[in-house]
Amino acid sequence: MVPKLFTSQISLLLLLGLLAVDGSLHVKPPQFTWAQWFETQHINMTSQQCNNAMQVINNFQRRCKNQNTFLRTTFANVVNVCGNPNITCPSNRSRNNCHHSGVQVPLIHCNLTTPSPQNISNCRYAQTPANMFYIVACDNRDPRRDPPQYPVVPVHLDRII
């Protein structure tokens, strides 16, 4: 059991290490602010199964996203992380708007196993649950479209550690 657990943890870390690479390849749909898109991609897991939850994201992007991590917490809790001290963003060393969660949260990582370019509803994902820390990038809210109760909002899931 120990070798299997160790191997699966290593595999998860390797998959999550690619998160920053995959995240840089997409563009926010125009109907969303960056905070709304963050919430859609990383908080609002519409189903307990990756195959179904990823359909929401894939429909907006019109492609099978290679991987995605859903934090099993609330948007308000992630907003609170934005109040933690600023750190350099691991995925972009020129940015200093990242914040470490300070506590581990349950999460579900979805990794594309079966792409389906012709029919994105047929994309299939492996699902890996874990409890991990996260690093999130935060920016000032969009004053026209984000709710005023959060002046600073999460805009990018930078790293899972």
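A Cβ is built for glycine as well, from the same backbone N, Cα and C atoms used for every other residue.
As given in Swiss-Prot:
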type	residues	note
SIGNAL	1-27	signal peptide
CARBOHYD	Trp34	C-linked glycosylation site
ACT_SITE	His42	active site, proton acceptor
CARBOHYD	Asn44	N-linked glycosylation site
DISULFID	Cys50-Cys110	disulfide bond
DISULFID	Cys64-Cys123	disulfide bond
BINDING	Lys65, Asn66, Gln67, Asn68, Thr69	substrate binding site
DISULFID	Cys82-Cys138	disulfide bond
CARBOHYD	Asn86	N-linked glycosylation site
DISULFID	Cys89-Cys98	disulfide bond
CARBOHYD	Asn92	N-linked glycosylation site
CARBOHYD	Asn111	N-linked glycosylation site
CARBOHYD	Asn119	N-linked glycosylation site
ACT_SITE	His156	active site, proton donor
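Feature map: Swiss-Prot annotations on the structure.
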| residue | record | Cβ contacts under 8 Å, 6 or more apart |
| --- | --- | --- |
| Trp34 | C-linked glycosylation site | Lys28, Asp139, Asp142, Val153, Val155, His156 |
| Asn44 | N-linked glycosylation site | Val56 |
| Cys50 | disulfide bond | Asn68, Ile108, Cys110, Tyr125, Ala126, Gln127 |
| Cys98 | disulfide bond | Asn86, Ile87, Thr88, Cys89, Pro90, Ile135, Val136, Ala137, Cys138, Asp158 |
| Cys123 | disulfide bond | Asn51, Met54, Gln55, Asn58, Cys64, Leu112, Thr114, Pro115, Ser116 |
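Put simply, Gln67 (substrate binding site) is 4 Å from Asn111 (N-linked glycosylation site) when counted between their Cα atoms. Ranking the recorded positions His42, Cys82, Asn92, Asn119 by Cα distance from Gln67 (substrate binding site) puts His42 first. For the recorded positions Asn66, Asn119, counting C-beta atoms within 10 A of each C-beta gives the highest total at Asn66.
Each residue contributes its Cα atom, and for Cys82 (disulfide bond) and the residue listed as 'active site, proton acceptor' these two points are 15 Å apart.
With a 10 A radius on its CB, the residue listed as 'active site, proton donor' counts 24 other CB atoms from all the protein chains.
His42 (active site, proton acceptor) has Thr69 as its nearest neighbour among the recorded positions Lys65, Asn66, Thr69, Asn92, going by CA to CA distance. Comparing Asn92 (N-linked glycosylation site) with Thr69 (substrate binding site), their Cα atoms are 19 Å apart once rounded.
A coil conformation is recorded for Cys82 (disulfide bond) in the three-state DSSP classification, outside any helix or strand. Taking the Cα atom of each, Thr69 (substrate binding site) and Asn119 (N-linked glycosylation site) are about 22 angstrom apart. Reported as a whole number, the C-alpha separation between Asn66 (substrate binding site) and Asn119 (N-linked glycosylation site) equals 15 Å. Within 10 Å of its Cβ, the residue among the disulfide-bonded residues Cys89, Cys110, Cys138 with the fewest other Cβ atoms is Cys89. Ranking the recorded positions Thr69, Asn92 by how many Cβ atoms sit within 10 Å of each one's Cβ puts Thr69 at the top. Note on Lys65 (substrate binding site): other Cβ atoms within 10 Å of its Cβ, all shown chains, come to 20. When other Cβ atoms within 10 Å of the Cβ of Asn86 (N-linked glycosylation site) are tallied across all protein chains shown, the result is 14.
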